[in-house]
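Asks: As annotated in TrEMBL:
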type    : residues                     : note
BINDING : G11, C12, G13, K14, S15, T16 : ATP binding site
Amino acid sequence: MMNIGLTGGIGCGKSTALAFFKEAGATVVETDAIVRQLLASDAGLIAEIEQSFGSGVIDKEGRVDRSRLGAKVFRNSKALAILESLVHPRVRQQWMRELAKNHPVLIVEIPLLFEKDLQGYFSTTLCVSSYPELQFARLKARGMSESQIQYRKDSQLSLDEKMSRADIILHNNGSPEHLREQVEHTMRLLQR
């Protein structure tokens with residue numbers, strides 16, 4: 001039984017690596033997907049967010065409008081801390097349930113793994129890295145502005161720091177096939 005925490009810089013390819021781990025037979029938990037699901041359907045969370053940030057962040061269907069909420073917390077560390085205090089415990093509860101199931105190989109993607117001091121829950125930590133210019137190009141392709149990119153990078157530990165703390169580093173500087181090969185090699189190591 002291996003419980004692995006996967007992290008990395010924004011735009012480094014964490015989700016791609018996670019998908020490759022799933023293809024290779026690991027059970028995976030994508031915390032960003034949990035957040036999206038909670039913001040769309042967790043009535044208690046939606047009510048708490050509306051109370052904290054106003055009705056303007058709720059859409060016509062009664063779900064959290066992520067872009068409007070993002071605008072409220074962008075460059076506002078106090079607002080971001082409030083949002084994280086509402087969302088993170090619910091997300092943690094869901095991935096902790098998976099930890100308790102004793103999967104042969106479980107990989108939980110947590111962008112802020114080291115920032116939130118969660119590495120102790122895992123037997124191994126993985127960091128997906130990428131050259132800064134590739135990160136930037138990927139984030140621009142997602143429609144992010146330079147200021148949004150810089151703010152998000154500044155709100156996390158540096159990639160060098162994440163890499164220094166991780167047990168295993170996956171370098172996503174080439175083709176998707178190269179990343180897949182690293183994932184498959186890592187799975188073989190983990191299953192020994």
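FYI, residue positions are counted from 1 along the chain as it appears here.
Placed from the backbone N, Cα and C atoms, the Cβ positions cover glycine too.
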Asks: For the recorded ATP site formed by G11, C12, G13, K14, S15, T16, name the remaining residues of the chain with Cβ within 8 Å of the site's Cβ center, in chain order.
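Replies: Neighbours within 8 Å of the Cβ centroid, excluding G11, C12, G13, K14, S15, T16: G8, A17, V128, S130, R138, N172.
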Asks: Ten-angstrom check, please: count other Cβ atoms within 10 Å of the Cβ of K14 (ATP binding site), all chains counted.
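Replies: Its Cβ shell of radius 10 Å holds 25 other Cβ atoms.
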Asks: Including all protein chains shown, what's the count of other C-beta atoms within 10 A of the C-beta of G13 (ATP binding site)?
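Replies: Result for G13 (ATP binding site): 23 other Cβ atoms within 10 Å.
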Asks: Return the residues near C12 (ATP binding site) by Cβ distance under 8 Å, restricted to its own chain and a separation of at least 6 in sequence.
Replies: V128, S129, S130, Q135, L159, N172
